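Enquirer: One structure coming up, written as structure tokens, with questions to follow.
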Amino acid sequence: MPDAETIRYRAADKGVPAAVDLLDQTRLPGEVSRLVCTELSELHDAIVRLVVRGAPAIGIAAAYGVTLARADASATPQQVRQSYRDAIDYLATSRPTAVNLFWALDRMRGLVDSVRDEAISELPGQLAAEAARIHEEDRVMCREMGRHGAELLRGCETVLTHCNAGSLATSAYGTALAPIYYLHEHGHSLQVFADETRPLLQGARLTAWELSQAGVPVTVCTDSMAGGLMRRGMVDAVIVGADRIAACGDVANKIGTYPLAVLARYHSIPFFVVAPTNTFDRELESGELIPIEQRDEAEVRHASGHVSGPMTVPQQAAVINPAFDVTPAELVTAIVTEQGVIEKPSAAKIQQHFAGNA
Ligand SMILES: CSC[C@@H](O)[C@@H](O)C(=O)COP(=O)(O)O
């Protein structure tokens, strides 16, 4: 795993404001630098710009972000609560698809709503502690997903992954990359194909960077190569993360995941999804109800995914840029959570998984 921590937090101390310190993922792999956010708007912007990204990491960063809200020293308990509620509502507008964001913010809201007037001065400390718990719980869940997922990959030599669902997308270790790290630590190194992942290249820039740092053999392929590699028998399994999983097992993940699942089915290759239970949105019956983020068209129009890069699309042509797609449950071989494996996911099996571990 990379040495650099994805998210760090510094509590407010002696007049120095609290800070959320992020590894700046927009600059990787060329530059390893950090962005320190002390203002809510800075953190909101960091989530929008993908300085911090990946469903679990967005949730953790936002939870810490709530502590950046400030109320006047003279504020009443009601006003203090309101300033935190406003911060939570504001952070919830940063990105719409990863449900981990809303899950983490709901936990923070629970604390704000339950604090008594007499204990209001303790609220900032309690919020920082809750965010740290969310962060620590994610570390534990990632390890567990690694352990469970490794069982599914034992017979494999090569896997293909899409986007980045590794250490950079979580507290550490990752979701889809967790079984790969687990096996590597136990002496079995898989050969990983990292899909480049257009338009923002999370696979080429981030997955390839973090796996290389860990000494895991990784080969970057463009998104359009996946089918050809499968046809040539070069991929034993596909393994990806998720941003939101509906009650029936439909999976929203980075755009380009659905075609991989179709290709995997055609080539009789298992298609695994690895995600913690807080990535499930059991209130949504179907994946069609998952809100899909539409991002700036500049990401598609320019080679670097940014207006500073050379144009790759003529100005007159329209472009679309949905950041995620939905893979129907029927194409998913298994979903791995921190609690175990759901084979051939369905509404009933998912319900059972949650009930069995309640
Ligand atoms: C463990 S991260 C799972 C997903 O969040 C990941 O696969 C993904 O799609 C991330 O998209 P991004 O737009 O980079 O935040």
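Cβ coordinates are placed from backbone N, Cα and C, and glycine is handled just like the others.
From TrEMBL, for reference:
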BINDING   Arg53, Gly54, Ala55, Arg95, Gln202, Asn253, Lys254  substrate binding site
SITE      Cys163  site 'Transition state stabilizer'
ACT_SITE  Asp243  active site, proton donor
Enquirer: Take the mean position of the Cβ atoms of Arg53, Gly54, Ala55, Arg95, Gln202, Asn253, Lys254, the recorded substrate site. Which other residues of that chain put their Cβ within 8 Å of it?
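Expert: My list of surrounding residues reads Ile58, Ala98, Cys163, Asn164, Ala165, Ala169, Gly241, Asp243, Ala323, Phe324.
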Enquirer: Do any residues at least six apart in sequence from Arg95 (substrate binding site), in the same chain, have a Cβ closer than 8 Å to its Cβ, and if so which, in order?
Expert: Ile47, Val48, Ile58, Leu101, Glu293
Enquirer: Quick one: pull the CA-CA distance for Ala55 (substrate binding site) versus Asp243 (active site, proton donor), whole Å only.
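Expert: The separation of the Cα atoms works out to 5 Å.
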Enquirer: Consider each pair of residues in Arg53, Gly54, Ala55, Arg95, Gln202, Asn253, Lys254, all listed by the record as binding substrate, and report the largest Cα separation in Å as a whole number.
Expert: 17
Enquirer: Return the member of Gly54, Cys163, Gln202, Asn253 nearest to the residue listed as 'active site, proton donor' in space, with distance defined Cα to Cα and candidates limited to these recorded positions.
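Expert: Ranked by Cα distance from the residue listed as 'active site, proton donor', first place goes to Asn253.
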Enquirer: Could you find out if DSSP has Lys254 (substrate binding site) as helix, strand or coil?
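Expert: Where Lys254 (substrate binding site) sits, the three-state DSSP reduction gives strand.
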Enquirer: Hey, what's the Cβ neighbour count for Gln202 (substrate binding site) at 10 Å?
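Expert: By my count, 28.
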Enquirer: Within 10 Å of Cys163 (site 'Transition state stabilizer') (Cα to Cα), which of the binding-site residues Arg53, Gly54, Gln202, Asn253, Lys254 do you find?
Expert: Gly54, Gln202, Asn253, Lys254
